[in-house]
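K.L.:
Provided herewith is a single structure, encoded as structure tokens, for subsequent inquiry.
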Amino acid sequence: MSKLKSQTVSYQALCNDASIQLENHPQTKQENQYNLSSTDYKRQKSFKGDRFVTQLKKNFSILPENKLESQDIASAQMALEMLYKQQILEQEPIFESDQMQFINQSGFQYNQQNNFNIHNSKIYNSILIDHKYFTISETLSNYYGKYVRKIQKVPFKVLDAPQLQDDFYLNLIDWSSQNTLSVALNSCVYLWNAQSSKVTKLLDLHNDSVTSVAWSLRGPHLAVGTKIGEVQIWDAIKLQRVRTYKGHIARVGTLCFSDNVLSSGSRDKLILQRDLRLKGNYFLKQSAHKQEVCGLKWSPDGQMLASGGNDNKLYLWSSHKQDKPIFRLSEHQAAVKAIAWSPHQHGLLASGGGTADKTIRFWNALEGKPLQKEDTGSQVCNLMFSKIENELISTHGYSQNQIILWKCNNMKRISTLVGHTCRVLYLAMSPDGSTIVTGAGDETLRFWNLYPQINQDFKQLNGPLHIPTIR
């Protein structure tokens, strides 16, 4: 596909949809105007990591000075490879030789030829790995962070995305389980294949504009919300429209799948539930929000739906009692677009507030009770839990435009990524969880590798940093 030149779009045209809402909703104006008064708060520096209890001193010996450099590197790589295969890929290690040895950075060599039973893992106090396969004599968190979690501060890939709208209330990118990224640019939707980097144009609405996209959980179907209130289902393989749903009378800013059920939230304040296997435009209409519905997320087990609105409210709906919400959470002081369910802890929900709020809040969704809050100092645009670690990713707007990786147990900042020159309004994650892509009003998509060693395919694909276009 030939690359088209980026068109110069006037601010009025680019934010045409946002300007309509500015006139009707004062709260919307607050989320889409700049606020330069935010403060970056100091974070705690303490970190409690797992420490090995060294009880094998009689089995260690100091290596000669001339052997350290070559053997140390090879053995460290071998140990890391085994760590990933066992803990990430859930594969059992294969010993090619009974004489395999692991050498650590401190210069100690562990020899398996001894009377000690290395399969007795009870003498170690770390819960992160099973030490019957190998031993390390230093703090695991330091070792893991030094060799595995070296997060690059710059994106490894940047895509030009002309006419990517700068609107807080839209959701314009999503990454499928089949490793295809969908990007909505004005009236068009493009598909970017993460394996081949091939870009395909899926659709062009001509007289309408795309306001949200969402992939089905397993199949190749993409749901597309539009400005006039339609929801279209497209087959990404055949590049054909499968179905068109009506029911909303205003733009559809958020979409979310749960198996065969598709939920849509609109500026008309309604949530419509649709079953792709049934006829009809929808089987259930849910009404609770007093302003635009701008965030929807189903829990991993499909039992609860969280909805956030421009009315500063967060509602929890049960799949067994859908006529009205089971909990109404009113602690946020601004629009609630950012919503995420933890895949690691059942019933744990995170939500983020807009410009006047700036906080991330954690909830016990099973009981509707608040757990913890963190003031981020800037507008919270997106939240997403890591698939690999108990960590949370947040993207922010006014005024710092950053991406933050948090440790969930104490909300310690692991890394802060900057690069976008406008609000980081859009966020998606690769199927393996190693990579995130962010989009902003600066009309770029930036790819960040949070777990560099997990998906080696990305390193082979990308090479030097370059800026091709998404269309």
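Cβ from N, Cα, C; glycine included.
Sharing the features that TrEMBL gives for it:
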- 159-448: domain 'CDC20/Fizzy WD40' (DOMAIN)
- 203-244: repeat 'WD' (REPEAT)
- 286-318: repeat 'WD' (REPEAT)
- 329-373: repeat 'WD' (REPEAT)
- 417-450: repeat 'WD' (REPEAT)
K.L.:
For the repeat 'WD' (329-373), what are the same-chain contacts with Cβ under 8 Å, counting residues 6+ beyond its ends?
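P.N.:
Same-chain contacts beyond the ends: 27-28, 30-31, 33, 35, 38, 168-169, 254, 294-301, 304, 306-316, 379-385, 387, 390, 392, 394, 397-398, 406, 408, 411.
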K.L.:
Work out, from DSSP, the number of helix, strand and coil residues along the repeat 'WD' (329-373).
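P.N.:
Secondary-structure breakdown of the repeat 'WD' (329-373): 0 helix, 24 strand, 21 coil.
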K.L.:
Give the residue counts of the repeat 'WD' (417-450) per reduced DSSP state, in the order helix, strand, coil.
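P.N.:
Each residue of the repeat 'WD' (417-450) counted once, the result is 0 helix, 19 strand, 15 coil.
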